[in-house]
Amino acid sequence: MKLVTHNMLSSKCLKGVVKGFPLKIHAVEVKTHEVEFNKEQVIRLIPKLEWPALCEAAESLGELSGLPPDVGPDFEGDEDFLKKAHHILFEVDVVNGELECPETGHKFPVRNGIPNMLADQKDHSADS
Amino acid sequence: MDKVFSEYSRKGNSAKFEVIAMSCRRPEHQAPPEIFYDETEARKYTTNSRMIDIQVQMSERALELLGLPDDKLCLVADLGCGSGLSGEVIEEQGHMWIGVDISPAMLNIAREREVEGDLILGDLGEGLCFRAGVFDGAISVSALQWLCNADKNDHKPHIADERKKSSNMSSDQSKRDNNGSYLTLLSDSPMLIFQARGARAVFQFYPENSAQIELITAQSMKAGFSGGLVVDYPHSSKAKKFFLVLMTGGPQQLPKALGDAETAEVAKAKFTTKREKMRGLRQGKSVKGSKSWIMQKKERRRLQGKEVKADSKYSARKRPGHF
């Protein structure tokens, strides 16, 4: 699971959860692998992101590495910032671990890079 | 999954479909999707070139109906992404995607194939696990019909009698009551694509019967969408494809279906005797074997979505006799 996906995920699918965002990450295994830098992609994505949640997630993985706490108004021209954002969004991959719902504390396992957002706690990793 | 499950006959102009034959080959009747698509079935699905072709074609058409801007990069949700066949089509068009599916075996294969989009194991019937307003659009290929069955104890089959009851409910309430699983999905989607005004969600699906079509369209209209059903090649039983196009942000023109023309009436066998042939001529019908007849036939087959050679000055030209 890339952090860009984590930034979109919410535990709204659980009963009684209103916002369910951001999910806390308890990572066991994190991999980084290089992904081609696409400037337009990052520029288009940044307005959609909840930036503080991304920073929080990055920090919990120890990947914050100089990411500013706020997005500047003229981020589009800031190549250095965009590269950093690209790294944290696309190149950091949570392979194994858990996501925790901030409201109910319900835990969603992450296996093989795929978060299991099913509400009933059946761990499908055994049969896959 | 391109079996011809049921056949429909078109009644006049009312565009109503009626089931005349039904087959028990629908996979969604055999088991819930997370059970049906096990390791072997998922593998089969992804190595069968015919299935891949059909999936890719339908994904391309769904994306076309979605009408994303060409010059801008968009984020698309792939609902029921399976092994990422439809996702690859989104990649080719230069957009980003995030896929949700309920079958872990399918997702593992998608992961093996190293698709670009990120994958999430989730139940579309339980509602979508996304923050509101992040996607520019959503597509779903051959997934909606899976949500029309009650697979779990807490799923209530959403039958016609219940419709009245649920129509008094807000979409929020019905979500909590889990009243017919796909209903949750349809009432969730506007939140999903909320951000971009005029954003769309396109669901390709295999409806079982006319009641199911009516139910699905009624639910989506109730959830506050404009839009409707686009039926490609309505006169062909094989090439016929159903696309539910949901739109937000004011009335918009529904995209045109492929191969839908009033002229595409299926012709009966004709001109058996000279007398009938002459009568046909008087009524303005073309003679079998004549150029206009061949052109009409080609047109008809084109409307059915079959492969037809392009028209040229040589089309239907008389060949020189050999003897």
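Each Cβ is built from the backbone N, Cα and C atoms, and glycine gets one as well.
Database features, via TrEMBL:
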- B:302-314: compositional bias 'Basic and acidic residues' (COMPBIAS)
- B:76-151: domain 'Methyltransferase' (DOMAIN)
- B:246-320: domain '18S rRNA (guanine(1575)-N(7))-methyltransferase Bud23 C-terminal' (DOMAIN)
- B:157-180: region 'Disordered' (REGION)
- B:277-323: region 'Disordered' (REGION)
Overall pLDDT of the domain 'Methyltransferase' (B:76-151), taken as the mean: 85
Structural state census, the region 'Disordered' (B:277-323) (DSSP three-state): 19 helix, 0 strand, 28 coil
The domain 'Methyltransferase' (B:76-151), counted residue by residue under DSSP: helix, strand, coil: 25 helix, 20 strand, 31 coil
